[in-house]
Structures are given as structure tokens and as C-alpha cells.
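Each remark here refers to the structure printed beneath this line.
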Amino acid sequence: MSPAEAAPRKKHVRFARMEGDVDHDDQEENTLFDKQKDVKEGLKSVLKGGKGILSQGSGQVDVVRPGRSKTGTCWRWLVSLALCASFLGLGMAISVLGPTFEDLAINVNKNISNLSYIFVGRASGYIGGSLLGGILFDFVNPHLLLGFALLTTAFGMSGTPFCKKAWVLTVLMSSVGVSMGVLDTGGNVLILNTWGEQAGPHMQALHFSFAAGAFASPIIAKLLFGHHNSSTNTSLMSGHASKTIDAVLPFSHPKGTSTIDLPWMWAYIVIGAFVLLVSLLFFSLYFCISTNSNRTKTASGKQQFSKHHNTLIILLSMFFFFYVGSEVAYGSFIFTYGKDYVHMEETEAAGLNSLFWGAFAAGRGLAIFFAACLHPGTLILLSLVGTTVSSLLLCLFSQNYPMLWACTALYGISMSTTFPSGISWVEQYTTVTGRSAAIFVVGAALGEMVLPALLGFLLGHVQNYPLLMYLTLCTATFTSILFPVLYKLASPEGNVTLRKSSGKCTIKDADDSEYRQALLENMEEQEENESEADLCNDADFEVIEMDDASLLSSPKSSPPADVAASVPDVHLVASPLSEPNMLSFSTDSPRSKL
């Protein structure tokens, strides 16, 4: 045999199969692997629709959540504006009672000391409304519920000047307190449900609106519609104007008093009219926006709750008890402290009081911008450091004028962000439902009632010590110890990944990283399944022999005896050669190239 004839030739070997196996294999391919291919196609379509990008070498996928259209964003901004307007009215409605309390007592023919129980009635209604709102908010449309709460507040505020009996005024104030409690609870939950992980700045704006309303209400009550001397008003008003006012406002002459005008009542009417307009806005939102709330849910459709959900809610409510109680106590008694203990003039003490509330409102305004770039936990830590340092300095330098002014401003700014930041912080670890928000508000309301009353009782018995500063230091220390405990419960070891992120949704968000990891694992699994399906489903294949003499000369090129015996039918499409060198197989897969 010549060397040319001994050279290996290219051979094509095709395995034959029975015709009856064709339908069986096709059916097997359709039934076993079609779903896997469909899953991959569906995954690709989801990635395409969600604008997911798989970067080679990075192992990361950018996930852009659906439902973030421009129209949806506009509606969410409208809800935020409506909530801010409602909290502006809430702040005005709560704080207007103080500047007009003496006028209300005159209107119902009572002394101030005999009418103080209306504060208790309103506070009791506020707590009851918070609990009621927390229950109803999980079952009733939030826009409709807040609309009715604002409507009740509007009618209560407008009807307050018309109350001629003390018990009627107390009942009315209690009903207004109920509606305020519903509004306070529902507003905090709705802003979380509307914005989700982006709720931080909007939560700060919500509570800034409340502070702005509380700041503006005394101005409306006293500067715009303040009580003027009766003789002065008589000299300025013509007889025709006086008769007109008497005809329209017959209640302006209380029984047993001389002719007196009550212009302060217009403050209640103006506030009531404003709240009424906001309630109409919420009714409009009810008819324009679907009832679906954006609660955070898992893939199974259930809300996500922390393992220590109940403990977190109770401890955070205790945290708010001391925080709000200290805030109200300082704002209520700093005037008395400056006048009696530091021996300030009344104007200086009033300026110190105004400095605290002004710094408080300014801090909440600045927190809107800081919340967009800082984590809520960071804001809480900064607040705790500020309150602790300022209260410690106030205790050490309790009679130092410059230190008193500087630390009062620092204390007001530090206290401003704690409540909204606390709600935003706990929302990252567990779902804040209506009941949870109700517990927060009730804790804050109880602190507002208990700590100022306790401080007032102590001041009546101990007058030579700066009890106000001691109270602020104790509450700041307690909250500084309690917050690390809350953080430990919320982020136990091995589960420190946040469920949601605050601020903008970026590639480093914890929840997006979970989605990316899930998508990557699914894609790898689908690729493996598809590869296996392609290998197993192809019963027809060709084995192409390479023009490689060394391959045929290798002793490993001969197939094992059992493999050669298992070949059902071989059709040679070439000149025959020696049988041992005819075929070569790989044990990995029947679809290999030799």
C-alpha cells in the first residue's frame, strides 16, 4: 500500500435512528425543556422591560423598578403637597389655643383656672384619635379617611367661637382632638406608603410644615386678629360698622360683661377655612388616585416585618415618649426658667423662648435637604449628640447668659429632626402599619402630657435647682442609650442588610443587590439547563473526522468495546478503512468533534 493510500481521509459518520423515535424525541423536547426556554425568554423580557443591564466582569445588574413614570411621580408630589398643607393646618389648629385661651374663657364666662380641663379633653381625644386612625388606616382608603378627619377639624375650629357653654366647648375640643390624632397617624403612614425608600426628605418636609403652622398660628391670632382695647376700637369704628358687627356677631357680647369685640375669633375661622380647602383636596385625590397603596411587600405579596417587630415598635414609642416630653417641657418652661431662675427680663425670656421654637422650625427645614443625602440613622445620631452636649452644658453653665442662648439654639435644632427621622429609620427594617404609627403617636402624646406636668409639680416644691436642665440631660442620656438597643434589635448579626434604602435608588441599594443576585443566579441556571437540553435533545449528530494523521495513529483513538457494541447502525460515507481506526468517541458527550 502506497503512503498516499495510507494517509487518513475525511470521513462523515451519521447515526441513524428509527422513524418512530422522531415523534418521541420531539415530544420529549417539547415537554421537558420548553418551559425552561420560556423562562429564559421571560427573564430576558423582564430585564429588557426593567432596563436591567448585566455588565461583563462586574457581576451586577442595575434594576429600575416599574411604576416610576412621570405621571406617577406627579401624583406622588401632589399627595406630598396635600399632606404638608394638612400638617400646616394641624400645627395652626393645635397652637392657636394657647394665645386665645383667655378670650375663650371670657366667651364662656369662666375663669382661666376653671377652663383648663379643655386641654385634657383635647389631649384625650388626640390619643383616642391616634388609636382609631391606626386601626382604620389599614382598612379604609387613606385619602378618604384624611379628608373626613380634616373636614371634622375644619368644622370644629370654625365652631369654637360660637360655643357659649364650657361643656360644649370641651366636647368640641375633644372631637377636634380625635380628628387631629387621625390626621397625625394617617399622615405619617401615607407619606411612607407614597414614597417608600425615598420618604426621608418628604417626612422631614411634613413635620417642618407642622412646625411652621405652630409658629404662624400665634401671629395670626394676635398680630392679625389680636385683641384690642375696647375704647380704642370704639373710637376707630363708626356707629354703622358697630351695628353691622353686632348684627352679624351677636355672641360678641358675653353675658355679664360690657360691650367687647372679639376679633380673635377670626383666627379660628381662617384656620378652619384653610383646613376645609385641604380636605377638599384629599377628596379629589380619593377620586383620582387608585386605592392601591405602595406598601413594601415580598415576592409572595406579604408585607415584610422584622423578627422583633413588636419590640421595635414598643421601644421606639418609649423613645418618642421621652423625646417629645422633653421637647414640650423645654418649650413650655424655658420662659419661666429664664425669668425666675436666671432673673432675666420678661422680654429677654420671651426672646429665649422664641429662639428655641425658631431654631426648632429652622432645623426641620434644613433637615429636608440633609435627609436627601444622609441616612435617617445618621440624623438621629447627630441629634442625640447635639441634645446630650447642649443639655450637659446647660447643666454646667445654668446661669451663664451666652451659654444659655447658644445651647438653647443648639438644643432646638438637635430636637427638630428626631421624630421624623425615627419613623423613616424604623421603616427600613420593618413595615410601619397604621397600628404601628398609632403607637408612636400615642407614646409621643403621653410624653407631652406626663413630663411637663411632672416638671411643673417639681418646680412647685424645688426652686433652687435647674430642674429643667436636669430633665433635658436625663432624657437625652436615656434616648442615647435606647437607640443603640433599637439598632441592635433591628440589625442582628448575620442580618445586617437593610431591607430598603433611604434616599435615591442607586446601584448600591441593598434591596437592588438582592434583585441583582437573584437575576444572576437565575440566568446562570437557565444557561446550564439550556446547554443540557441542547445536548440531550439532539439525537441526530455528525462526527467529522479531522485530517490529522496523529489522531488516527494514537492508540487512544480506538473506541472501547462496549461503546463500539452499543452503536446501533453506522453508515459509512467514505472508503472503508481498518475497523479499529474508523471511529473515535469522547466519553463526555456524544456530540463531540474529533
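Placed from the backbone N, Cα and C atoms, the Cβ positions cover glycine too.
Annotated features, as they stand in Swiss-Prot:
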{"type": "TRANSMEM", "residues": "77-97", "note": "transmembrane segment"}
{"type": "TRANSMEM", "residues": "115-137", "note": "transmembrane segment"}
{"type": "TRANSMEM", "residues": "144-161", "note": "transmembrane segment"}
{"type": "TRANSMEM", "residues": "166-186", "note": "transmembrane segment"}
{"type": "TRANSMEM", "residues": "205-225", "note": "transmembrane segment"}
{"type": "TRANSMEM", "residues": "269-289", "note": "transmembrane segment"}
{"type": "TRANSMEM", "residues": "311-331", "note": "transmembrane segment"}
{"type": "TRANSMEM", "residues": "349-371", "note": "transmembrane segment"}
{"type": "TRANSMEM", "residues": "393-413", "note": "transmembrane segment"}
{"type": "TRANSMEM", "residues": "439-459", "note": "transmembrane segment"}
{"type": "TRANSMEM", "residues": "467-487", "note": "transmembrane segment"}
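Within the chain, the transmembrane segment (269-289) has long-range Cβ neighbours (under 8 A, six or more residues past its boundaries) at 75, 78-79, 82, 85-86, 88-89, 92-93, 96, 141, 143-144, 146-151, 153-158, 161, 217, 220, 225. Annotation: stretch 115-137 has the most Cβ pairs under 8 Å to the transmembrane segment (439-459), among 115-137, 144-161, 166-186. Within its own chain, the transmembrane segment (205-225) is flanked in space by residues 80, 83-85, 87-96, 98-100, 187-188, 191, 263-267, 270-271, 357-358, 360-361, 364-365, 367-368, 416, 419-420, which lie at least six positions past its ends and keep a Cβ under 8 Å from the stretch. Between the transmembrane segment (77-97) and the stretches 144-161, 393-413, 467-487, Cβ pairs under 8 Å are most numerous for 144-161.
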